[in-house]
Amino acid sequence: GCARGSRCDGPRVAPRQDRAPGAMDLAYVCEWEKKPKSNHCPSIPLVCAWSCRNLIAFTTDLRNEEEKDLTHMVHIIDTEHPWDVYSVNSGHTEVITCLEWDQSGSRLLSADADGHIKCWSMTDHLANSWENTVGSVVEGDPVVALSWLHNGVKLALHVEKSGASNFGEKFSRVKFSPSLTLFGGKPMEGWIAVTISGLVTVSLLKPNGQVLTATESLCRLRCRVALADVAFTGGGNIVVATSDGSSTSPVQFYKVCVSVVNEKCKIDTEILPSLFMRCTTDPARKDKYPAITHLKFLARDMSEQVLLCASNQNNSIVECWSLRKEGLPVNNIFQQISPVVGDKQPMILKWRILSATNDLDRVSAVALPKLPISLTNTDLKVANDTKFFPGLGLALAFHDGSVHIVHRLSLQMMAVFYGSSSQRPVDEPSLKRPRAAGPLVHFKAMQLSWTSLALAGVDSHGKLSMLRISPSMGHVLDMNMSLRHLLFLLEYCMVTGYDWWDILLHVQPSMVQNLVEKLHEEYMRQNAALQQVLSTRIVAMKASLCKLSSSTIARVCDYHAKLFLIAISCTLKSLLRPHFLNTPDKSPGDRLTEICSKITDVDIDKVMINLKTEEFVLEMTTLQSLQQLIQWVGDFVLYLLASLPNQGSPVRPGHSFLRDGASLGMFRELMVVIRIWGLLKPSCLPVYTATSDTQDSMSLLFRLLTKLWLCCREENHITEPDDTLIDECCLLPSQLLIPNIDWLPINDGIISKLQNKQLVRLQFGKAPGLVGHTVSSQFDAFVRAPGQPKIDHLRRLHLGAYPTEECKSCTRCGCVTMLKSPNKVTAVKQWEQRWIKNCLCGGLWRKMPLSYS
């Protein structure tokens, strides 16, 4: 229990010598350039938020010494390119008190001490360009808590079932009602905020863009609210916790119900059971901790568990409470009149303390885990193989610069990070302010990533630090257990669509091959429907893993080419139309696949005869506009076949395609489609430079491609290509000019520079060099050097050595494409529309400077 006679029966925090070493380390720090006339200083309070797309938003105040004023700034970074910060003058007239990402990670709420709430969304879906679209206001009333309404989507992670084969067992959908629904059960978007005067305000975003706002008092007797938090119940209600900041006052809880009546938003509130912190009822500690400094529900959708922190000038104590249903004892007199039988016993809701810490250093920030772990079997007695799982811990930052990870329920120590003076800026003495004792630098705001494998902290200088949190929490686990943790979290990101950058922080080159194979094995165990849904996501995941090892770097090119092939195949097949409307179930695209797999003839014209060519008729302008995509298919087939004699060298890009029957089958189908379209409009055909004018290049390539496809069409019976096929492929360079394939550029992100576990120092607004890039030398043969012509990787258009068009690049794979479409043809616009929000690999776009090289 708690020290000095407290009645708390919770476990103690482990003593310092028992804490896990090496569980947390600094990956990188990013700080502001010091300017003479203006500098960034932390807002009071400083806030930050981490989205499921691995975007981090945080605030600073920009002080301009000439005008003696403060500008309240919001900064948004992508964790892979932290130096590429998007800083915007928020327009808030008072200090920003809350930042909150929505569930999709693409919109951000900011609220200030004047009651203004603003909603920010991406401009043109660019991660480094944001605009304020809508908002709401409670004039002059500071906002102390803010949250998006719940959309009803809740997934539970079953850590104890991480070895199960079915994703449905590991990640189950929990029945959870949205806070508010539109007609048909669709969740209504909006946000809820609590103000310092005890008001709750709800704003609803109607589909037409209109905002409905309502404000109501939490209870009849309004009182000051210094701290508050918002959580949601499975029944669609909202729970608000409030405190006036004094530990001698109760922590109050309210149920809030939101509805729409006659096109107006309506709020109903109800008082729930309250609690007093245990430390205030302990005679030995009664007046020791006068202020409650932190009040947080353990998760947005766990309204039954709350974390409280009370502090004095130098110390803090943390308590974890749980709301439980308990039977109400009935007096014997009433028992005789009406006996209570079985379930008829009256029940009451009561807060019970789960655990409490001993006296700690003063807590400066708290970060809660976002992983929705099902705690049924991992309550306070955690199974041995999952007790080190990072998602079970919450983070506490202290004024001495250290960070502790403690179990979310027992508050037992899991990991610790000690801040040191060596991590301070060189010119820090010029910024020092007088303090009573202890180091100056500590985290004032802190957030855990969505897998709890990374932690971002913003310190008292506005500097951002990125910490790794070991999957084993620093304990010695065998390699299989660590890999199982990483694999489990990769699968979670695959199922949810969340970004997995924070998992890559922990992948060493020696793990890559093993992880890719195991990920593929787990994927192949799923049912066909789920495999189809996740087909592109797993390819993108494999590509990002292979980028981290020099032995697998060439496969990155193959995976990106496969994503491009899948996209082209889907788009071109979608253009085919049935000749008669009352056709059978199968679409022309499905029929094409079926016929091409049945007819194994090496003659392209014999395959073509079996198809209904009228289904392939398109407008001439459409066919011509697709020529660049068609050219890529033709070039890639030629490149693959020409590289077949060199197949013993797996470092060459394209190597994995030579044994991939499904991809070769797709190329074969596309060659047939292109052949038919070439009869309608010959100028849309791929252009080859041949040594003979009479040679039918497409027939030749189709014949060789079919022979290669027949060797590996059945995954379990792959045979080696015969000598005749290899000899014919050896002759290709003397018959056709083999094209250069424009592989994706090396991504200039930070992840590959972090593998040697050395701290990387960065500066906002200044891109680092590629010094120390572990795998770039292996990759140089596949990319164009600076100053050479650039290419639009999605439209396959050449942009010239120094592009004049504005471009955007993917934050994950580095794919480059023009920001504005040069096309007006519907078919190409349909192709471009696929990539308007995300890249092929699922990464977000960021705007590039015109002078990119």
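Each Cβ is built from the backbone N, Cα and C atoms, and glycine gets one as well.
Keep in mind that TrEMBL annotations are predicted by a computer and have not been checked by a curator.
Same-chain residues lying 6+ beyond the ends of the repeat 'WD' (89-122) with a Cβ under 8 Å from its Cβ atoms: 43-45, 47-53, 55, 57-59, 61, 71-74, 76, 129-148, 151, 153, 189, 191, 193, 195, 201, 203, 498-499. Look at TrEMBL and you will find 89-122 tagged as repeat 'WD'.
TrEMBL lists 134-421 with the feature domain 'Mediator complex subunit Med16 N-terminal'. Mean model confidence for the domain 'Mediator complex subunit Med16 N-terminal' (134-421) is a pLDDT of 89.
The domain 'Mediator complex subunit 16 C-terminal' annotation in TrEMBL covers 751-847.
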Looking only at the domain 'Mediator complex subunit 16 C-terminal' (751-847), what are its DSSP counts of helix, strand and coil residues? 19 helix, 24 strand, 54 coil
DSSP on the repeat 'WD' (89-122): how many residues come out helix, how many strand, how many coil? 0 helix, 20 strand, 14 coil
